[in-house]
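Record features, source Swiss-Prot:
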type    : residues                       : note
DOMAIN  : 12-253                         : domain 'ABC transporter'
BINDING : 44, 45, 46, 47, 48, 49, 50, 51 : ATP binding site
C-alpha cells in the first residue's frame, strides 16, 4: 500500500485492522492515519470495504451479530476497539451521518435535542441555544427557525440530510463520519452539503465515503483508495488525483476500472 498522508496531526490511527462478516474477511490489514481537522475521503468500487471501514470507527458493526474487528483504532491514543472503552462515549466522540436521510419521527427541535439529552443536562435556555447552534452549523437555521416544532420528515431531502448533520454535531463530537451523504440528493442539495463539509472541518475531523470521484476531489484533503478490502493507496488528494503512485488507483480514478 502506498501511503503519502504524513502531514498534520493524526486524530485517528488505524493499526493492523481486519474485519470479518462471519468467516468472510472483508477488511485486510489496514494501516492509516486520519488527520485532525481535515477531510479524508474513502473511494473505491462497490463492495471494496470503504463503508465497512468507516463503521469500525464508532463500532457501529456491533449492532449486527457475527461481525467482528481485530486490530487497533486509536482516537487520540485510546483504542476504540477494546471492550473497556464505553460504546456510548465512543459514539459521543465519533458521530455518523448515513447515506439516506434518517430524521427521527419527532419535531425538528427534538431531532437535535434527542442526542444531547443522552449525554448532557441542559436547561431549557441552554438547549434552545444548542439547537440553534447545531442548525446554524448545518446551514439550516434560517430555513427552519420558524417551524422548529414541525416534523423533521416535513423537510425536503436535502434539508433532512442537513438536519441529520446538525443532529450529529449537536453532541459536539470530535470526528464526523459521512457515509455517502449526497447519494440520494439533487445537485443543488449536494452543493450545499459540500460547502458545509468545508466549514465543518475547521472544528471536526471529517471522514466521508463517496462513489463520486469529483466530489472526493472537491471536498477532501486526503483520499484513500480501497479495493477488495485492502487499502491500495492513501495520500494527499491532489497527489492521488493528479499523480497516483499505483496504476490500479489511476485506472479507477480515470474510469478504466470500477
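Cβ coordinates come from backbone N, Cα and C, glycine included.
Owing to the predicted nature of the structure, the values given are computational and were not obtained by experimental measurement.
Structure with Swiss-Prot features highlighted.
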residue	record	Cβ contacts under 8 Å, 6 or more apart
46	ATP binding site	211
47	ATP binding site	none
48	ATP binding site	226, 227, 228, 229
49	ATP binding site	19, 26, 27, 226, 228, 229, 230
50	ATP binding site	42, 43, 44, 209, 224, 226
51	ATP binding site	42, 179, 180, 209
8 Å Cβ shell about 44, 45, 46, 47, 48, 49, 50, 51 centroid, ATP site members excluded:
52, 226, 227
What three-state class does DSSP give residue 51 (ATP binding site)?
helix
Coarse DSSP state, helix versus strand versus coil, of residue 46 (ATP binding site):
coil
Would you please pick out, from the binding-site residues 44, 45, the one with the fewest other Cβ atoms within 10 Å of its Cβ?
45
